[in-house]
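*Asks:* If you scroll down you'll find the structure; I have some questions about it.
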Amino acid sequence: MSKHDDKIIVSDEKHAEAYNYDARANPQLADAGDFNDRTISVRDWVSSTFDDVPGQMLYYVKSLFPIATWIYRYNLTWFTGDVIAGLTVGAVVVPQSMSYALLAFMGPEYGLYSSFVGVFIYCFFATSKDVTIGPVAVMTLEVAKVITHVREIHGDTYSAPEIGSALALMCGAISIGIGLLRIGFILEFIPAPAVAGFVTGSAFTIATTQIPALIGVQKLFNTRDASYMVIINTLKHLPDAKLDAAFGFTALFALYFIRWALKKLTKRYPQHKRKFFFINVTRNGFVVIIVTLAAFLLTRNDPKGKARITILKDVPRGFRHVGPLRIDTPLVKAIMPHIPVATIILLLEHISIGKAFGRINDYKINPNQEVIAIGATNIIGTFFGAYPATGSFSRTALKSKSGVRTPAAGIITGLVVILALYALTEAFYYIPMAGLAAVIIHAVTDLMSHPRQLVVFWRVQPIEALIFLAAVFIIIFTNIENGIYVATGCSLGLLLWRIARPRGHLLGRLQVSDGRNTKDVWVPIDRRTINPDVKIENPPPGVVVFRPSESFTYPNASSQVDFIVDEVRRITKNGKHNAYPTLGDRPWNDPGPRSGVKAAEAALHDKRPVMRAVVIDFSAVATIDSTGIQSLVDARHQINKYADREVEFHFANIISPWVRRGLLAGGFGFGVPLRDFAEVAPVVEGNSSYSGSSSQQNNAETNDIKHRVKNYLTNTDYRDKRFKTQDEYDLNQAEKGGDGEDRWSAVVSNDTPFFHLDIPDLSLLPPDSLKKINADDSS
């Protein structure tokens, strides 16, 4: 066995070791003596997973309250940043939350309740310093739909706040369960294009429902119809517009103009960027104050209940609705059909925002813990009369830009909301509804994806661009639920298609050089990403090299092995020159020549080689199941029968010990297939073996391999069977390659010579090493 300093080499001492890579061994690893001969077992998995149960339970409990990991390090610098951010968000959340509550058919105070509970409770469970919990436009629209649905069934039996709080309780309980079970990963099955389409369509829907309120015609038709119908009806009633339009359009224009002007000033005077930012933040409150003052001057002398414009009127002071929730079975049954969509909206928006700002500010959130935080916030909120709350994109962005340092900023925001509830409710009386509609429209338009986002989706994956468009248009022309279901269903269907129809590649050899050294790399022969001018060598005659692009599991195993078998039949010839002498001998499904003579002549003139070996690169195979093993066993049997000999199956780059275990169980890796391993799950009793084997030599080989497979799968050290003592093993190693640091050790066990660290040098494949299948085995 040759060796060179710090290089991996190939041993060609014998066929069994012809393709295994050896490397300079770690002496401690080599002394262990059994690292190559052991395969993973259920016992290994159990011992590694439950190695410290008390410690794991303690860690789990601590992880439920992340505040304990940072609150003891709280300092004045953090406090300063949190106060500034908390006050800034508080100035925005008060008018926004009242506007959203009105969108859900509730009094404005319920929006303040939801805001207070959201920002105050979230900080105890948060793993994100930026996220702001509270009423949001999309969730509010869904709450409004649920309230409408329940009232269609039960009339006025349940009030809007009772329905909203019941929905918050049910969604919160589901969220808590998902988080505690640590299955938040299910949200990852909803991809970015579906989320973007859902948010864009929902934002458009909310904006259209507020336009009637902007011009004062909201009571003349149903604003809960599909968006396109609301637009049509709004255009029909433009002649009926009231004085509210003056307040609404003035407020909307002012909001956009102030933002535009301050952006221009920031570019012109960058030294005052911070000042302009905080002025821009207060634009919502400033505009609401101005239009409220104007409404007061206009309507102060109007008779009570007959104001010339629609105003907010009385807002109850303080927490008037604190107490247990009224909920019963009929209410639960009425809400139940909307729970899936409401929960998806609640969690998806929050997790998306948390991850986005975690990337921006260089920290990582725990999605499962964030799901628990959402659940706890909404469950506790039901005692305050709150309706479902989740992460707000606009307020989170504002909080991040304000320099927030910890989640404790939410407490400051909560104090601002309490101040509004107890000290400012009388000032809310004259707020014009058109002004609040302008605040909502201004907020939700920022959620709509820019048209260039569609271009990005198209460039990355055209099908995903179509999913984005489908979500948007279905929401606009029907409702949010249909948009979510269609977008999610199409995305899952696309995922299943990609899994079930993977694009595996046939590989060829390409020699690359850096000017000094040359090495071989194996690349797809189809040259999709390779310079078409470079030379790619096909594998040696009679050899197929295949690299799957997905795991070998039940949806795709059959299609992948069919691809291999089809390629074998395409590039190699049948091992029998006259396999079917007569027409009656030919199988019904073989469309070959009808004449046996013509078939024999065609075989004689066939210049294709006979199949010799199949090499499968498992570098992309993370898992394999029983169906995958069965498919490989079937392919081996088909190819052996077609070639009329035992074709070698080599596996390279096996990355998972469980994949290696499965291949060993299927009889792969040893070179000679197990004669009694033809089916993992036999359909007919007694049909689990290659029939008719009478070869004593084959039986001996089979028994030996069965013994070795048993030893592997039971974690018995096969090498210890050969060396009774450690001294015998050390002596044997010293005779082979020296001692100490000069010792060489196989990276992949020599007992499994058909498993390789990388694709082997196929030129070393002995051409005459393959045995003919016995005549009585060929069936």
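Just so it is clear, glycine is given a Cβ too, placed from its N, Cα and C backbone atoms.
Quantities reported herein were computed from a predicted structural model and do not represent experimental measurements.
Taken from TrEMBL, the feature transmembrane segment applies to 110-127, 166-187, 194-215, 245-262, 276-298, 371-390, 402-421, 427-444, 456-477, 483-500. If you look up TrEMBL, you'll see 541-668 marked as domain 'STAS'. Annotation source TrEMBL lists region 'Disordered' at 686-705. The compositional bias 'Low complexity' annotation in TrEMBL covers 686-699.
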*Asks:* May I ask you to check whether the transmembrane segment (402-421) and the transmembrane segment (110-127) make contact, with contact taken as at least three Cβ pairs under 8 Å and only pairs 6 or more apart in sequence counted?
*Replies:* yes
*Asks:* Tally Cβ pairs under 8 Å between the transmembrane segment (166-187) and each listed stretch (245-262, 371-390, 456-477), then give the stretch with the top tally.
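*Replies:* Between the stretches 245-262, 371-390, 456-477, 371-390 has the largest tally.
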*Asks:* Please work out which recorded stretch in 194-215, 245-262, 371-390, 427-444 has the most C-beta pairs separated by under 8 angstroms from the transmembrane segment (456-477)?
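*Replies:* The listed stretch sharing the most Cβ pairs with the transmembrane segment (456-477) is 194-215.
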*Asks:* Give the nonlocal contacts of the transmembrane segment (245-262) in its own chain as ranges (CB under 8 Å, at least six residues past its ends).
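*Replies:* 213-216, 276, 279-280, 283-284, 286-288, 290-291, 294-295, 309, 432, 434-435, 437-439, 441-442.
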*Asks:* Other than its close neighbours in sequence, what residues sit by the transmembrane segment (194-215), given a CB gap under 8 Å and a spacing of at least six beyond its ends?
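*Replies:* Beyond its ends, the transmembrane segment (194-215) has Cβ neighbours at 103, 137-138, 140-141, 221, 223-224, 227, 230-231, 233-234, 237-238, 241-242, 244-245, 248-249, 252, 310, 348-349, 352, 433-434, 436-438, 440-441, 444-445, 447-449, 453, 457, 467-476, 480, 483-484, 487-488, 490-491.
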*Asks:* Going by DSSP, how much of the domain 'STAS' (541-668) is helix, how much is strand and how much is coil, in residues?
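*Replies:* Helix, strand, coil within the domain 'STAS' (541-668): 55 helix, 20 strand, 53 coil.
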*Asks:* Considering every residue in the domain 'STAS' (541-668), what is the mean pLDDT value?
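*Replies:* So the average pLDDT across the domain 'STAS' (541-668) works out to 83.
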